[in-house]
Amino acid sequence: MLDEVTAALPEAGGTQGTLVFSADDGGRVDSPDRADAISRSLDAAVGTGIVLDRDARLEEQRAEVETTVRATVEGKVADEVRAQLKSLITALEGAVPSGAPAASPAQQESMAALGARLNEVTTTARALVAAPDQQLIAESGAFFAEVGQLRAELQAMGVPVDGFPAPEPGMTDPAAAVDDAAMAATDEALGRLDGLLDGTSPGGTSLVASDGERRTVVVSDDGTVAIASIQLTEQISDLPEGSLDDLLSAVDGEVAGKGLAVAASSALQPMEPPIGGSEAIGLAIAAVVLLLTLGSLTLAGLPILLALVGVFIGVGGAYALSANFEMTTSTPALGLMLGLAVGIDYALFIIHKHSSLRARLGLDAVEVTARAVATAGGAVLFAGLTVVIALLGLLTLGMGFVSTMAVTAAVTVILAIALSLTALPALLGLLGRGRRARTQPVRAHRGHEHSRFGRMAKRWVEAVTARPILTIVLIVLGLGALSLPAAQMQLGMPSGAVAAPGSDQRVAYDSVTHALGEGANAPLIVALTPSDAAAVDQDRLEAWQSELATHETAANVQLMGTSEDRSLVLYTVVPDAGPTDESTADLVTAVRAAELDGVERIGVTGLTAINIDLSESLAEAIPVYLSLVAALSLIVLLVVFRSVVVPLAATAGFLLSIGATMGLVVTAFGNPSFTWLVGVDRAGPVLSFLPIMATGILYGLAMDYQVFLGTSIREAYVHGETARLAVVDGFHHASRVVVAAAIIMVSVFGGFVLSEDSMIRQFGFALAVGILIDAFVIRMALIPAVLHLAGDHAWWLPGWLDRILPEVDVEGTRLEVADAVVEDAPREEAPVGAGVGH
């Protein structure tokens, strides 16, 4: 619909927004000097070349109305004058001066002169009848005066003048009659035009400056705020870089010296990625965790280095291509967030395996690196590709900016995988060249067994498996309870209402709400397609306006404009509530479903309507996408673990974690009682594309942890441990790296919760909470309890299914079995970090 509007009425296709002027001292903004400053600032805005001169356009419209009205009045008066002139001509042609016979030559001469004058008057009358309207009106006054004088002379001479018509009283001066009638008609027409343009329930008053009235600037009733509605020549994304900065600088330069401040609404803010310094906090925590986990400053630095390289390439590439693709400001931040998290985690898994193998087997740098890549690298490749597939699945939605986000995130993950499988092995080989670690299986086993973390991990898994049914019930009930708020989830795009306090977006939003009501922040563009464009007149425009205003939640309806041929009529409908309120969405639906006399089609567009449509489309796609992800999870885990119980438990656990995550997001950002937890002072909707994006990302990361924990448990079971002991032993061996990886991800994602951008804040919170729940509650509590409860049945697979499933060795289990045979001892992990980087 927006494309149709732009095609029919190009000037309506540019971005619309508001500039809010307020006084630093809290005083009035409409004092003479401040009003002039505001007026000059708007001229400066137009002078940048990217703002339409709407005041000039309004003056042109008023001038057009005056011209049209005057032409209409002139035509009516001219018709009346012509009718009188024709009557006069008829009378003159049939009138021969009669009376007493001429008594003298002098009288005869006088009568002859009078006849000549009558002929002259008749000729003049004929010429005036044929003259253009303006000439007729301008000259007929003098003509009628001459006719009046002629009548008087005839009467003085005793000539009967009964058949000689006199001009009607109102037509003795047609020019004055036109002026009087045009003024009255113009006042009425302009009043009706103002009613169309100002709307059915206008608020505030227009700003009056020394250079005239600014009808596009509304001053609040208390005079403390002036709101200027401006429209750009194009959409923001089509403007040259830096244009908005130039605009805001030009406006601010005119008002700063008068004690005025100006704030631009969200729509007029430069599209800058919301990346600040908060990301460094999460990165610092990740560095500490890496150091504690790997035991080497050199090894701890490698994951961060590789993650930064991957992010630099991925996000840098996104910036480079941003001019050619539809991209939101949060896209680079999401790429940075995900690239750092998976880049660090993937490298950590491989380095941890490298250090463990080097300490256990005493292999040289090349061999141990090859084995680390063959085992942990395989799991990294599997987990990473799972994330990529889940993200690329979002392309099926067919939404431009969602596709761009998905591709950007997928590319950063691919880069993280590539760097972990290529650059990292090369660096590990270089660092370990010339050094050979001694095989220390016994000490390694004892070091891990008796370390503080080892004891904690063992106590944890023994606790959750001691009463597995109780553990399962508590987790299901707890996560189910956390999921309940998700049923009331309201999706939307964040508006200035939830922007950071004191920011321009927040100031503008609150000021507009104060002056005109919250709905003024959510204007809807209603496009009417008349069934008969030729029949569209002012009466019809007023009738449509009145009908649109009958909607209960429509606060004001204004005529926005018409196409040149009147085949498209645009109105601005201001709702009662804000852009993310449910009643505003209902109003959009109601207007689209309305039936107006003489209207073939009704469309609703504008930023508010577009965001509402987007949110509804994404809400409808969530169940479908979640079902696809669940199906993918079942299939992939069935192939990897060759088990029925493990895929079902892991997938069910993922669905529980997603539900709880979304429930917590709704509670933290949508419940006023809990917004303080995330540093937000006002409740708002959940970012429309967050649930579906978070589902894709968290699914891939959940599979990451499932593979590392699951394969470790399965390996213990394959090596001869009983099913229940294998749960404890496998968890014991894999938990350290999984815990470290989860803490790193939670830290990185959590750092983005400190961002001032509401979109990035929600994304950071959702991913951090999602990882926290999935890693520590699902993978490290629910899954061990389920596998312990199932016993040997956990690894049961029907024979027919076993025969048709492909053989997939994700983490190099066969290689691990070979190592176990070589060692002739149970597989144990040594303290990480041995032999490299010391």
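Each Cβ is built from the backbone N, Cα and C atoms, and glycine gets one as well.
On the 0 to 100 pLDDT scale, the domain 'SSD' (297-430) averages 83 in the predicted structure. The feature domain 'SSD' is assigned by TrEMBL to 297-430.
Feature annotation from TrEMBL assigns transmembrane segment to 280-297 (among others).
Summarising the annotation, TrEMBL assigns transmembrane segment to 304-321 (among others).
Summarising the annotation, TrEMBL assigns transmembrane segment to 333-351 (among others). Under 8 Å from some Cβ of the transmembrane segment (333-351) lie the Cβ atoms of residues 273-275, 279, 282-283, 286, 290, 293-294, 299, 302-304, 306-308, 310-311, 314-315, 318, 372-373, 376-377, 379-380, 383-384, 387, 405, 408-409, 411-413, 415-417, 419-421, 424-425, 428, 693, 697, 701, 704, 708, 737, 740-741, 744-745, 748-749, 752, 755, 757, 760, 763-764, 767, 832, all in the same chain and six or more residues away from its ends.
If one looks beyond the transmembrane segment (372-395) by at least 6 residues along the same chain, the residues whose Cβ comes under 8 Å of a Cβ in the stretch are 342, 346, 349-354, 357, 402-403, 405-407, 409-410, 413-414, 416-417, 420-421, 425, 428, 625, 628-629, 632, 636, 640, 692-693, 695-697, 699-701, 703-704, 707-708, 711, 809-812, 815-816. Per TrEMBL, the feature transmembrane segment maps to 372-395 (among others).
Residues or ranges marked as transmembrane segment in TrEMBL: 407-431 (among others).
Counting same-chain residues at least six beyond the ends of the transmembrane segment (464-484), those with a Cβ under 8 angstroms from any Cβ of the stretch are 656-657, 659-660, 662-664, 724, 727-728, 773, 777-778, 780-782, 784-786, 788-789. Summarising the annotation, TrEMBL assigns transmembrane segment to 464-484 (among others).
Beyond the transmembrane segment (622-641), the same-chain residues lying 6 or more positions past its ends with a Cβ under 8 Å from any Cβ of the stretch are 382, 386, 389-390, 393-394, 397, 647-648, 650-651, 654-655, 658, 691-692, 695-696, 699, 703, 706-707, 710-711, 714, 795, 801, 805-806, 808, 810. Residues or ranges marked as transmembrane segment in TrEMBL: 622-641 (among others).
Nonlocal intrachain contacts for the transmembrane segment (648-669), taken as residues 6+ away from its ends with a CB within less than 8 angstroms of a stretch CB, comprise 475-476, 479-480, 482-486, 488-490, 626, 629-630, 633-634, 637, 675, 677-678, 680, 683-686, 690-691, 694-695, 698-699, 702, 706, 710, 762, 765-766, 769-770, 773-774, 777-779, 782-783, 786-787. Feature annotation from TrEMBL assigns transmembrane segment to 648-669 (among others).
Under the heading transmembrane segment, TrEMBL lists 689-713 (among others).
Annotation comment: TrEMBL describes 734-754 (among others) as transmembrane segment. With a threshold of 8 Å between CB atoms, the same-chain residues lying at least 6 positions outside the transmembrane segment (734-754) that come near it are 278-283, 285-286, 289-290, 292-293, 333, 337, 340-341, 344-345, 348-349, 352, 448, 453-454, 457, 460-461, 678-679, 701, 704-705, 708-709, 711-713, 760-761, 763-765, 767-768, 771-772, 775-776, 779-780, 829, 832.
The feature transmembrane segment is assigned by TrEMBL to 760-778 (among others). Among residues of the same chain six or more beyond the transmembrane segment (760-778), those with a C-beta under 8 A of the stretch's C-beta atoms are 274, 330, 333-334, 337, 341, 475, 479, 494, 650, 653-654, 656-658, 660-662, 664-665, 668-669, 678-680, 686-687, 690, 693-694, 697-698, 701-702, 705, 738-739, 741-742, 745-746, 749-754.
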Tertiary contacts of the transmembrane segment (407-431) (same chain, 6+ residues out, Cβ under 8 Å): 298-299, 302, 306-307, 309-311, 313-315, 317-318, 327, 331-332, 334-336, 338-339, 342-343, 346-347, 350-351, 354, 365-366, 369-370, 372-373, 377, 380-381, 384-385, 387-388, 391-392, 395, 693, 697, 700, 836-837
Tertiary contacts of the transmembrane segment (304-321) (same chain, 6+ residues out, Cβ under 8 Å): 283, 286-287, 290, 327, 331-332, 335-336, 339-340, 342-344, 347, 408, 411-412, 415-416, 418-420, 423-424
